[in-house]
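Everything below concerns the one structure shown next.
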Amino acid sequence: MKNIGVNINSCKDPDGTIRKYVEKVIKEEKKDVQVKFYDELNYFDEVCKTKPDFFIAFGGDGTILNAARNLVSCGIPIFSVNIGHLGFLSSIEFKDFKDAIHKIFKGEYFFQERTMLKCSFIKGNSKKVFYSLNEVVLYKGNMAKILKYNIDVDDKFYMGFKSDGIIISTPTGSTAYNLSAGGPIIYPNLDLISLTPICPQGPYAGTIVLDGKSNITISGIDANENVFITVDGRQPVDVKGVSFIEISKLNYKCKLLKLKDYNYFEVLRKKIILRTEECEGDKY
């Protein structure tokens, strides 16, 4: 490990205190390592060009999701440090950073690959493509009105739905909106995709878990309806008038760097199942 890229959520480090500490810790552990700090805006192309051995993202889950979407095609491993609220996706908490860097330079780490989704559709004369580590959500925005749509899997009709929307989730995203909507927790290493309708009508319209190779098509949406998608909880994208929305596994996988003593079930239990207060971070 000779070259390390770093991005710190500037909202969490307005005076640069964390940045100074991070550089100090890394240099104390290994003097000849090159540490490159990247600003918030438009840094991803530069990261892909410089190709650091791994990339450290300091922030909450949003920071990690953003890094994953933008760095996945470069194959650069991401080591995530929580300085946000919950930080379920983080490899470590900020207080453990010094010990973590020591372990990394001793080789006490492994790489974990996570499935990502590709969402695409044609609107007007242009094709829109989005990447997701957590989920793609189709919904009606702020309208309290039911949404009607059809789901095809691998060009075979699955079901027509009446619901408030639908969540198409990766295993990584299964503990996010999917779980809140009644979907299952899926172990993050598995190559699966889950479909969870939001408040559906019908005798059974629960989650279906599909093979990761499945191609999902959403169609049959009224062209006059105001309908949106969100990808990993980002700004909504208007899909009014779109005939088909296609969702499938991305050809690349997100590569995460984890310490050898990382315990997924401990993090799951504390931060998702029990939601203990010490994992809550700052109060709302």
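Yeah, the Cβs are placed from backbone N, Cα and C, and that goes for glycine too.
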Check your understanding: Asp61, Gly62, Asn134, Glu135, Lys162, Asp164, Thr175, Ala176, Tyr177, Asn178, Leu179, Ser180 bind NAD(+) in Swiss-Prot, but which of Lys51, Lys123, Lys127, Lys145 does that record place at the same site?
Key -> Lys145
Practice item. Identify, among the binding-site residues Asn134, Asn178, Ser180, the residue whose Cβ has the fewest other Cβ atoms within 10 Å in this structure. Key: Ser180
